[in-house]
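S.K.: Before I ask anything, here is the structure I am working with.
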Amino acid sequence: MSDIDRIIAELQRFTWPDYVVFVAMFILCVFIGIYFGFMNKPLNEADYLMGGRNMLILPIALSLIASFISGITLLGLPTEVYSFGIQYTYVGMGVIAMGFVMGIFYLPVFHDLNITSTYEYLESRFDRRLRMFGSVMFTIMNIGYLPIVIYVPALAFNQVTGVTVHTITPIVCIICVFYTSLGGLKAVVWTDVVQIISMLGALILVAIKGSLDIGGAKEVFNSAWESTRIEAPELSIDPTFRHTLWSQLIGGLIYWTQTNAVSQNMIQRYLSLPSLRSARWALAIFCLGVLILMALCAYNGLLIYATYKGCDPLTTKLAKAKDQLLPLFVMKTLGEYPGLTGLFIAGVFSAALSSLSTCLNSMSAVVLEDFVKPFVSTPLSAKAINWIMRLVVVAVGALCVSLVYVVEHMGTVLQLTMSLEAITNGPLFGIFTIGLLMPWINGDSALTGGIFGVIAMSWISLNAQWAIASGAIKYETKPLTVQHCKYEYNETLLSSSYNLTISPASKDDIFPLYRVSYMWYTALGALITVIMSGICCCVFGSNDPRRVEPSLLTPSIRKLFSYTEDKLNAKALNLEIPLKNHSIIDDVAL
């Protein structure tokens, strides 16, 4: 047995107290599902999908945080900071900006419309084709995203126990499908509350114990400063830089606004609150909670570096996958204390379960509202609706388990997830933004722009991911060394070290758009969609903005065109010119 295998075997101390803590979390989730599914009043459609639209602010806010901070962030962000420093964390500025943008421009419209699926908005603003386009894009994105959500915690569990990924993922999915299909949104929200507490506790525990082991937080920050992992934002305007102030602020703003403001997974929780004021409070708490959790994840990344700065476990393959770095650190830090490793793994799985249950519940809403109801000639019975909602949860859960086999060959999850999501998220965000802010653009133009955006982003994102996977694009990490390792490792692995760079020659061989930072992808997809939709107005014509239902526009745009209409009416009356002869350019001139 090699030194690496021996050390891994020694660290895999997942004892019966760990299993007790780990299993207890799952049992609690199951009981919550049973309570809301059987012991509460029978669930109708409004209860199952929207929690009766009378949910409480704090549970919803905690549920939103738990859903967004998936295992991808929990394991991916510490690895990101360990390898590349804190540049990614400046995305917190984008999160804060998102809170203002969403609360002012997006949330008022969706909340006032009293809808279940956000894609109902697209039919009201444009036509049924746009609703179907949005629903299909959402479905594709979720089916691609959920296997990653399941795979990441399974990877952590494999690191600490040796149990294979494909043994644990079906078990986790069955449990999640069970309580989600039984209890609906209320079960999802209240299990999220339990899971966010578990997540937060696990991160704090690792941070405190790990810091004490190496001499305190001062040592962590000193090591990070000396290795330039703590640094000011990169101010370059070059979009091929992986992270800059502008990519984190502007790109982050658009990515987070899309994910939080127009995605069914998140907006469904905001719409379950009784008023716009309560939804805005939930949004504020969400932003604060996300910033706290991201700061904890980033600190743990710096802590891991301070612990392993003399012997990089990624290079020596002590951590066989990049996203197993935090679990390896947890085994080293907490392994000697029975139950604590189990608490951490329960926290990681809590992050995954919250995201998975949210997506499954949202999928049932979208399938019922957008793929079934519009195409049936007679209203569905309550029994048929209940069966459809639950069967969707079961079917999507089973599909995601099978797709885990694909995900495990696709590389680092944090960048991968944001890159692939942008294929659908960017164009969808562009279409929603057109609907809310640009009343002169009609359905034909918006649909054409959206299709063009999806094609363009598929081409860019998939080719970029292929270039990364093949080694044509390589990113330079912060200093990592193996000079002070106290165990033997396979030195031939150093030829494919984790410390990678982009050489000038390889840059010239790669199409420039493939080298654009993944942080710009959602913004790029939205921009392409908006520009193409505007160009298509020359072909398909334009709407009269005054004929668009005001409730479908963001409040500031309603005021703008209401004022323009008053001016137009006055001038038309004086000049006896029919209103229909006026163009949008005339409106602006007035």
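Placed from the backbone N, Cα and C atoms, the Cβ positions cover glycine too.
Look at TrEMBL and you will find 19-36, 56-76, 88-109, 130-154, 160-180, 281-308, 340-367, 387-407, 419-441, 447-468, 518-542 tagged as transmembrane segment.
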S.K.: Short question: which residues 6 or more past the ends of the transmembrane segment (419-441) have a Cβ under 8 Å from it?
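M.R.: That would be 105-106, 109, 118, 121-122, 125-126, 130, 133-134, 137-138, 140-141, 144-145, 254-255, 257-259, 261-263, 449-451, 453-454, 457-458, 461-462, 464-465, 518, 521-530, 533-534, 537, 542-545, 548, 552-554, 557, 561, 584.
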S.K.: Against the transmembrane segment (518-542), which of these stretches has the most C-beta pairs under 8 Å: 88-109, 160-180, 340-367, 447-468?
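M.R.: The stretch with the most close Cβ contacts to the transmembrane segment (518-542) is 447-468.
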S.K.: Could you pull out which residues elsewhere in the chain have a CB under 8 Å from any CB of the transmembrane segment (447-468), counting only those six or more residues past its ends?
M.R.: 126, 129-130, 133, 137, 410-411, 415-416, 419-420, 422-424, 426-428, 430-431, 434, 474, 510-511, 513-516, 518, 521, 524-526, 528-534, 536, 540
S.K.: For the transmembrane segment (387-407) and the transmembrane segment (88-109), check the count of CB pairs under 8 Å (sequence separation 6 or more) and say whether it reaches 3 or more.
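M.R.: With fewer than 3 qualifying Cβ pairs, these stretches do not touch.
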S.K.: Which stretch from 19-36, 88-109, 130-154 shares the most C-beta pairs under 8 Å with the transmembrane segment (281-308)?
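M.R.: Top-ranked stretch among 19-36, 88-109, 130-154: 88-109.
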S.K.: Given the transmembrane segment (130-154), which of the listed stretches 19-36, 56-76, 88-109 has the most Cβ pairs that are under 8 Å apart from it?
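M.R.: So the stretch in question is 56-76.
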S.K.: Quickly jot the same-chain residues contacting the transmembrane segment (56-76) by Cβ under 8 Å, restricted to those at least six beyond its ends, or write none.
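M.R.: Same-chain contacts beyond the ends: 148-149, 152-153, 155-156, 188-190, 192-193, 195-196, 199, 203, 259-260, 265-266, 269-270, 272-273, 278, 281-283, 285-286, 289-290, 293-294, 297, 323-327, 347-352, 354-355, 358, 412-414, 417.
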S.K.: Quick test of the contact rule: Cβ under 8 Å, at least six residues beyond the ends. What residues does that give for the transmembrane segment (19-36)?
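M.R.: Distant contacts of the transmembrane segment (19-36): 43, 175-176, 178-184, 186-187, 190-191, 194-195, 198, 339, 342-343, 345-346, 349-350, 353.
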